[in-house]
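According to TrEMBL, the domain 'EGF-like' annotation covers 431-477, 478-508, 539-585, 593-630, 638-675, 683-720, 728-763. Per TrEMBL, signal peptide is recorded for 1-17. Residues or ranges marked as transmembrane segment in TrEMBL: 969-990, 1016-1036.
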Amino acid sequence: MSSYFLTLSLLVCIGLCGKIVEYKFGVVYDYSGNNRHAVNGESSSTNDFDTMPTDRGAFFAKDVENRIKLPPNDLDSNNFYISPKFSLVLWVLTGANSGINNKTSIFYRYTSDQSFIMKIKKSDIGNQILAKFYYEPYNSGPLFGSNNSLKLEQWQLIIKTFDTTTGHIYTNGKLEISYTCTLDFSELHVDFPTYVGSYDGIDISFHGFIWYLAIFNDIIEHLDYYRRSFSPENCLVGECPSVCDPSIFLDGEQYCLSINLNPSQNGNYDLCPSGCSYGCSGSLCLDCKCSFKSCTVLNSEINCLCPVNSTASATTCECHDEYYFSFWECLSCHQECKKCIQPLKCTECKFENSIISGTEGCTCLDNFYAYYSTGSSYKTDCKPCHEDCLTCEKPKICLQCKNSNTIISQIEGCNCINGYYMDEITRKCYECDKDCSLCTKSQCLQCKSENIQIVGTKCECQAGFFNSSINGILSCSACQDICQSCIDNNTCLQCKKKYSNPVEDSCKCPENSNELFNACVCKDGYFMQNISNFYSCSPCKQLCLTCLSFDQCTSCQDESLIVDDNYNCVPDCKVGYYASDLICIKCADLCNVCSNGNSCDKCVDNAEVINGTCFCKKEEGFYANDQKCVKCADLCKVCSNGNSCDKCVDNAEVINGTCFCKREEGYYANDQKCVKCADLCKVCSNGNSCDKCVDNAEVINGICFCKKEEGFYANDLNCIKCADLCKVCSNGNSCDKCVDNAEVINGTCFCKREYRNEDEKCVENIFSAVISVNQLNKVGILFLEETEHPLKSYSINISLSPAYPFNYKSYYLNSTFLYLEMEFASSIPKGTKIFIDLSSNTIYSKSGKILDNYVYNNELYEYIYYKSSEEVDVIIKSTASALKNIGTAVISCGLISNPSAAWPLLSTIQLISYIRLGSNPLTPQLRTFLGGLGQYEIIPNLGYLVFSPNSSTQPYLEARKYGFQSSVFWINLGETFAIFFAILSLWPILKLARRSKFLKNSAKVKKILANYRYSFFIRFWIQAYLDIGICAIIQLRSVKFI
């Protein structure tokens, strides 16, 4: 098969998804070169029987054998099997064949021995769907759908379902074919060739397109794939028809498809560009030049359709790093390969510091070791060994050392052998000093021979040994027993006997000394002195018995003398005296220690030296008395004697020479100080009990507490009043408990909504309402402040006492006033009480006040209920009907001849009818007749269109009986206004009619217009004044304001 395009994909689903195979012909690529895909035509190696790819799907040409072969085929030998319960779904667009064969193939699946055949065809006779199901020995025979079950030039949804024994075929949701197999269906594991289109070299394929094909292992829901008629807003490909039925249902949206049957055009009916071997999408030719024979459209370019883990170009597929190409798949290389051509043979290693192994994977270079991630049996990196290693298996443990004179360390890297040290920079081993067996670069750590010690950085003989080296190697021999150190066996450098001097071959003590405990000790009057490493006993100074040096006596020759702090021998004087010429002289006043009489070295207690003289520490409360510094009286800080104080301690005062703590300022005496009383205490005798507290505090068990329940808290030794409206608090920023009828909000007290702050109390904050009733029993409630919400939002409960039937209308003028217009179904005696209950509401004013009373009552005025009898109503209606007929005839005649002729009759009827509005007594018959005249209405009342009758009050009794429903002046004049507007609109019509060519010279029309202008129009205004006066009187007589 040559390079080729077709819009198709295959999904092989097992178990969960329910799809056995699925081909979507809307994603453009050829399927011949991909594993588990179908083959275009009969084979991938030829173009025979190939379909043509287009943007509308796979195109099957007219009167030829086009086909698509599903697995098994020459590229995929694996079968797929259909379960006993399955569904087949096809979206097809069919065109007419030439009639060469009136049965064209759409789908065919069979076994090579013909023991199983399942086919779907199109019959050109009546455009019927045709099916056959053969499962040996069952044979359904040809099964035909209804005429036009496969409509031409229209996308059709074909669904075939089979449930073990029962099969159904639907087109566009309509059942066309049913059959029942006598055997339970099950596919055996043999080859099942499957074709879309032609299959046997005899039957030709249907003419048209396939957009979608899928087989499921269950019975599907039809509405998952289509919907009924749809006017396209979503067109999947190209230019769609104005209406498609059915429509494609995809991802929750309805779509239509182009129905262009010309494969050399795209879905928009545009010719494909010249040079296109097959169809096109827009202006892009769907020609594939890929060596793998599979292409896709990506960014308006044709690229190879490549397997997973590969990169596509126009001509080939290249597997990604770590994959190699094998049988249309990119398979994983060995885990250590970056690139490979076989599963185990690398052409490039994945990680640095490695080379390709001759057997499998890669091998690490010298100085690197193989690193394995947790749980991996393959190396994942070559990491550097320790710097001392030539080879290693672990990061710090060497298998072979890099440098000479080294051995492998069991802890880390390599160590130098004995007699060598490692240079930390070069990591090489260098030889130590000739006398050292262990060393660093600058320090000997261990010497080779015995009796040798490390001195500084090198080896030397130990004390008592001398260098007896032979051939340059240090060797040490023992000195004589008397020598601490020696040059040779006969010459000491230092003797073992302390303070002795080596003389020839012996050790001797210096002159004026004796030997004691293997040491030389100078005689009394002498001290040991070392001059140029030679010991001698030199004499002490005069008066010394023993000394450390010439000037430092340690004992005196005369027992009456003692050694002072300066190591001199002086007389033993008592405190307050000093030695002079071996006699004791008294020091100055208050001086305990002195060297002479002019300056003191140390004073008596509580005195200090100032310029060599001692003074009592006056500022610390001491005064001089008999060579002592005596403490002043209690609480006295400065005094001259013990009887009177010059200055007291802090927070004390002098009274008659004596100091007392400032008691009234809250201090008491304790340990020569005036100590502050406990917090909040004003007067106390000690720190444990208070005698008097600060203001707004009280003593409880000797301790002061602020009067918390009275609204005070402790702050800076005072009791501070809590914030406004706060009853109990711990500080000034937050309240713990508010006064009655207040609440804490964010630490601050506020009066509750229905209360107000007055003198730090929350007093009730109310407003009132009053009720009133006028003589027409219109009930009003006036709120003395605007309510928080509109009055109509509150519910009202109304009752009468005693009870009578009633209705009412409520009117809300604003947020302070409402009134009720009562409608009674019977007479109401005087004294009847009306009760208005608002208690189902909580009503606040806009200023936050609450209503003080929710139930209001007042007495109603007497109300006389009027209702005419049935006989009277009949008379009134008959009179009104007769009058309406007469009036209409008169007005019509007047409009044709003389409009003023209608006025005498109408004016007379109107004047007579108004007699009933007065209070004059009339006979019942006359009142009934006049009532009929008052019912005469030809023109509708426009007042009820402009004003709501619910917003008006009833008129007085006679006006109600006359027929007026409202007392409002403008409503009652509505009919008069209607006549006025009718006249105004009729006048220009008559004027225009007069100018027409038919009536322009008509004398009769001129006469009618003249009468209309002067008689009809002017007399109408004269008559209207009567109506205006009557309506004004009705409103004035009816309305009584509250």
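The backbone N, Cα and C atoms fix where each Cβ goes, and this holds for glycine too.
Caution: TrEMBL annotation is automatic and unverified by curators.
Quantities reported herein were computed from a predicted structural model and do not represent experimental measurements.
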Three-state composition of the domain 'EGF-like' (431-477), taking helix and strand from DSSP: 0 helix, 24 strand, 23 coil
Beyond the flanks of the domain 'EGF-like' (728-763) by at least 6 residues, Cβ under 8 Å: 708-709, 711, 713, 715, 720, 722, 844, 848-850
Positions on the same chain near the domain 'EGF-like' (593-630), where near means CB under 8 A and six or more residues out: 575-576, 578, 580, 585, 587, 636-642, 649, 672
Residue numbers, six or more beyond the limits of the domain 'EGF-like' (478-508), whose CB comes under 8 Å of its CB atoms: 451, 463-466, 515, 518-521, 528, 534-535
Integer mean pLDDT for the domain 'EGF-like' (728-763): 87
DSSP-assigned states of the domain 'EGF-like' (683-720) in counts, ordered helix, strand, coil: 3 helix, 21 strand, 14 coil
Secondary structure content, the domain 'EGF-like' (478-508) (per DSSP, counts of residues): 0 helix, 19 strand, 12 coil
Distant-in-sequence neighbours of the domain 'EGF-like' (683-720), which means Cβ under 8 A and at least six residues beyond its ends: 663-664, 666, 668, 670, 675, 677, 726-732
Helix, strand and coil residues within the domain 'EGF-like' (539-585) as assigned by DSSP: 0 helix, 25 strand, 22 coil
Helix, strand and coil counts within the domain 'EGF-like' (728-763) (DSSP): 0 helix, 21 strand, 15 coil
